[in-house]
Amino acid sequence: MMTSNILSRFLPPNNSPSVYEAIRQNDADSDSSDVEERAGLTLEDGHGGHYTDHELQDAMVDADQSELPSPDDAFLARESHHRVPSEGPSKSTSRRRKNSRPRWMQAASPGQDFEYGDDDDVPASLLVEGHHDDEDLKSRLPPPPRPLSPHEIQPSLPGPSSQGDQARWRAARDQQPLHNASRRRPPGVKWSLGQPNLNTVDPKEKAMWMWANVDNLDNFLKEVYSYFLGNGIWSILLTRVLSLLTFAFVVGFSTFLTNCVNYHKVRGSKTLDDILVDRCTTKMSLSSTFLLWLLTFFWIGKAFQCLLGIRRLKHMHDFYHYLLGVSDTDIQTISWQEVVSRLMTLRDANPATAGAVSARHRKFMGSQSKQRMDAHDIANRLMRKENYLIALVNKDILDLTLPIPFLRNRPLFSQTLEWNLNLCIMDYVFNEQGQVRTLFLKDTHRKALSEGLRRRFIFAGFMNIFVAPFIVVYFMMHYFFRYFNEYKKNPSQIGSRQYTPLAEWKFREFNELWHLFERRINMSYPFASRYVDQFPKDKTVQVAGFVAFVSGALASVLALASVVDPELFLGFEITHDRTVLFYLGVFGSVWAVARGMVPEETNVFDPEYALLEVINYTHYFPSQWKGRLHSDEVRREFAELYQMKIVIFLEEILSMIFTPFILWFSLPRCSDRLIDFFREFTVHVDGMGYLCSFAVFDFKKGTNVITQGDRREPARQDLRADYFATKDGKMLASYYGFLDNYGANPRGAHPSTKRQFHPPPAFPTLGSPSAMDLGHLGDRADPPQARPFAGQQSTFGPSRFGPTGLADHGSPAPSMLLDPHHQPSASGFRTAHRTAFSRYRSSRAAPPISGAILDDDESPSAPNRNGSARSAAGAPAPPGGSSGGGVGASDSNLEDSWRMNLTGDTDDEDAGAGGENADAIAGGAGVLGLIQQFQRVNQDGRGRTAVGL
């Protein structure tokens with residue numbers, strides 16, 4: 001026996017369950033096993049049989065199956081109440097049966113006198129909905145009917161009182177009744193919290209019912225956002241129909257070209273009927289027939305899916321139109337910030353959730369609370385999975401290198417690989433409700449989960465082998481039909497560039513929705529193209545110029561000859577079967593491509609300034625780029641992220657071949673790190689569920705707690721802090737990028753405060769590093785808007801509503817789109833903003849700027865802020881300190897930006913710091929106080945030395 005016990009400790013069990021069985025069992029028991037999930041979120045099912053107000057909803061469901069009690073029921077209830085003690089304790093132990101009726105029904109029934117102690121009620125703070133939800137539910141229900149009193153049942157009639165007389169009275173009444181015996185008690189009113197007959201309900205009430213019965217906010221908000229991106233119901237339907245038609249055309253036209261045309265007869269034929277194959281579909285090969293039927297069934301399935309989605313689109317249309325007040329014409333121009341504002345208004349007007357929910361469903365509502373629905377919460381719900389993928393790319397957890405000897409150091413990330421990552425990782429980690437499986441948050445199943453993830457990678461690799469040929473053919477035909485005519489008309493477009501899929505995930509920030517990210521990246525394209533063209537490519541330029549000269553000369557001679565005698569010369573064959581028209585097209589295309597490779601002669605060479613403009617929009621500034629923006633190594637690294645479109649397409653096609661090898665060899669090596677990542681970078685937020693820790697911004701503490709490993713000295717770096725921090729200041733950029741999009745009030749900012757987008761000029765402006773030698777002209781700013789020059793624009797991209805925190809001057813809360821617990825602190829906002837701004841400055845030495853603003857941790861012996869704020873130009877100094885060259889006035893003193901008079905507040909603070917209080921000296925009023933205030937205004941506002949009184 002001892003030997004068997006010892007062996008059982010070391011040998012694995014024979015019938016051990018698989019990791020998927022453990023995941024399913026853990027999902028079923030997650031409410032009882034996850035302590036963090038139950039803490040403050042779930043209800044206590046067994047609290048001594050005491051009654052809670054939440055059972056009002058259960059009673060409403062029970063009332064749906066029965067009628068209201070009659071007066072006889074009240075009498076029977078009184079009789080049964082006296083018989084309860086004799087029936088034993090077994091029938092009194094069921095809490096649900098005992099309290100299946102709501103309190104107002106219990107109080108209305110005479111004889112039911114249940115004793116409730118003061119200590120038996122559960123506080124509202126411990127409940128999910130709270131008592132206000134029950135009150136709101138009862139206010140929406142019709143009032144209960146008043147029970148009949150005993151004297152209202154039958155009016156008492158005069159008659160004899162003896163027993164014999166009573167017997168004769170009953171016999172006479174039976175022969176000739178005083179009341180109509182056929183009269184029945186009217187049926188009681190039934191309450192039903194289930195789905196009403198929505199076909200006959202007013203559309204606004206239907207939309208309100210749909211909103212009140214939302215049980216999964218993640219899916220609902222995704223539909224809201226998809227409807228916003230699709231620009232309304234008709235645009236979405238048109239997009240889906242055109243997508244189906246495009247797919248059918250590509251498949252049908254490709255089948256026609258490959259199976260229905262006899263290309264051997266093309267040369268000697270004059271009409272199309274001569275080269276067509278009769279009944280070509282019957283002569284197709286077996287593989288072509290199978291593929292055609294497979295694509296046909298796929299198209300039919302997509303068509304049915306489109307038809308079934310019309311109902312959801314109609315519901316979303318009613319939600320936007322009746323509850324949010326956004327019509328289909330306005331949705332194409334309204335901003336997402338305004339939609340969020342109206343969602344918050346709807347939340348405040350209708351805080352209650354679904355009416356009748358089960359106990360298990362009520363526990364699930366712990367992660368679906370409608371009270372957690374401001375801009376930050378909505379972004380976290382919409383990007384619950386995307387935030388994890390952004391963090392995986394940022395921290396280099398994914399091994400995307402090609403397992404090929406000569407391409408081992410080259411990462412490959414395509415749209416196909418992204419689909420596989422979502423299938424293998426995200427669908428494995430998240431459950432059907434969109435929450436992280438609690439089994440991944442424990443280290444007890446780390447090995448089993450890692451092995452399961454490794455098997456998913458290998459299985460997906462084999463699936464890609466069977467699917468890749470069909471996808472390759474479809475994408476090649478679709479790309480050819482779409483872009484060939486464009487390249488034919490404008491051959492220079494072949495050299496056009498765009499960001500790679502990997503670059504987009506590197507540039508995207510936490511909680512940044514797709515349309516905001518796309519807008520920011522699209523504004524960087526002119527600057528990125530200008531930066532790539534900045535670098536000297538003298539050899540390439542010389543060769544391209546020579547090719548352009550030769551091809552242009554030949555094309556011009558042929559064009560001139562065809563103009564002189566077009567009828568004779570256009571049919572002239574220069575080579576065998578090659579006429580003048582053919583060579584005109586060839587030479588013209590070669591000339592256009594070569595001419596596109598030659599830069600403009602008037603361009604000014606300044607790659608550092610051009611790259612700074614790109615960084616201002618992409619927010620991507622690796623630590624190895626510092627001090628090397630002018631180098632060719634940085635250009636090569638950026639060129640890998642900003643490639644030609646034709647190269648990206650070829651990589652997309654080749655990735656369908658190389659993706660199985662990445663899934664077989666590269667990604668399984670990082671399966672352990674992936675499991676550890678989800679366990680160590682997942683936090684639980686009340687009412688939201690499990691989120692990526694980097695996506696939960698600490699607005700109260702600001703960014704002072706955010707670790708920036710690249711800013712510390714190498715000798716003092718903490719490895720643990722670096723492990724739990726993002727690379728290249730990603731979280732810091734995400735924090736202020738989020739504030740830039742949502743930090744200002746949508747309706748509070750004046751249109752003049754919006755930052756305007758300007759395309760790159762042909763020469764560096766005065767704000768560029770190369771213009772700093774001209775003096776302090778780069779320090780000048782626009783006083784009305786306090787807007788910096790183009791060379792030092794806002795660090796975190798274009799602001800839709802102007803500078804953060806400057807829109808609402810009447811309140812310290814910078815945004816109406818954030819709840820009070822998400823309002824950023826003023827001190828953290830100011831300090832971290834200066835620190836973040838310095839990351840994107842030029843590495844060139846700049847002339848010293850008088851009156852630099854000092855951070856909180858600088859030496860107290862430095863000049864004070866009052867003196868530094870009064871620079872020669874009269875504008876606030878740049879937030880980067882004295883090391884920032886050529887930076888115009890920006891948002892300094894951001895902690896006071898909501899106030900109306902910044903100068904007066906600063907002076908009051910300085911006077912209080914000096915030990916003198918003007919109000920105390922002047923007595924709070926009088927001539928002396930006014931004179932002192934006027935003296936300070938003359939000294940500070942006009943820069944003069946006031947004459948003492």
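Cβ coordinates come from backbone N, Cα and C, glycine included.
Listed in Swiss-Prot:
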| type | residues | note |
| --- | --- | --- |
| COMPBIAS | 35-57 | compositional bias 'Basic and acidic residues' |
| COMPBIAS | 75-85 | compositional bias 'Basic and acidic residues' |
| COMPBIAS | 129-139 | compositional bias 'Basic and acidic residues' |
| INTRAMEM | 432-477 | intramembrane segment |
| INTRAMEM | 646-666 | intramembrane segment |
| REGION | 1-197 | region 'Disordered' |
| REGION | 748-919 | region 'Disordered' |
| TOPO_DOM | 1-232 | topological domain 'Cytoplasmic' |
| TOPO_DOM | 254-289 | topological domain 'Lumenal' |
| TOPO_DOM | 311-431 | topological domain 'Cytoplasmic' |
| TOPO_DOM | 478-542 | topological domain 'Cytoplasmic' |
| TOPO_DOM | 564-578 | topological domain 'Lumenal' |
| TOPO_DOM | 600-645 | topological domain 'Cytoplasmic' |
| TOPO_DOM | 667-949 | topological domain 'Cytoplasmic' |
| TRANSMEM | 233-253 | transmembrane segment |
| TRANSMEM | 290-310 | transmembrane segment |
| TRANSMEM | 543-563 | transmembrane segment |
| TRANSMEM | 579-599 | transmembrane segment |
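Residues of the topological domain 'Lumenal' (254-289) grouped by DSSP class, helix first, strand second and coil last, total 20 helix, 2 strand, 14 coil. Per-residue confidence over the topological domain 'Lumenal' (564-578) averages out at a pLDDT of 74. Counting same-chain residues at least six beyond the ends of the topological domain 'Lumenal' (254-289), those with a Cβ under 8 angstroms from any Cβ of the stretch are 473, 477. DSSP states for the topological domain 'Cytoplasmic' (311-431), grouped as helix (H, G, I), strand (E, B) and coil, give 73 helix, 3 strand, 45 coil. For the topological domain 'Lumenal' (564-578), the DSSP counts in helix, strand and coil order read 5 helix, 4 strand, 6 coil.
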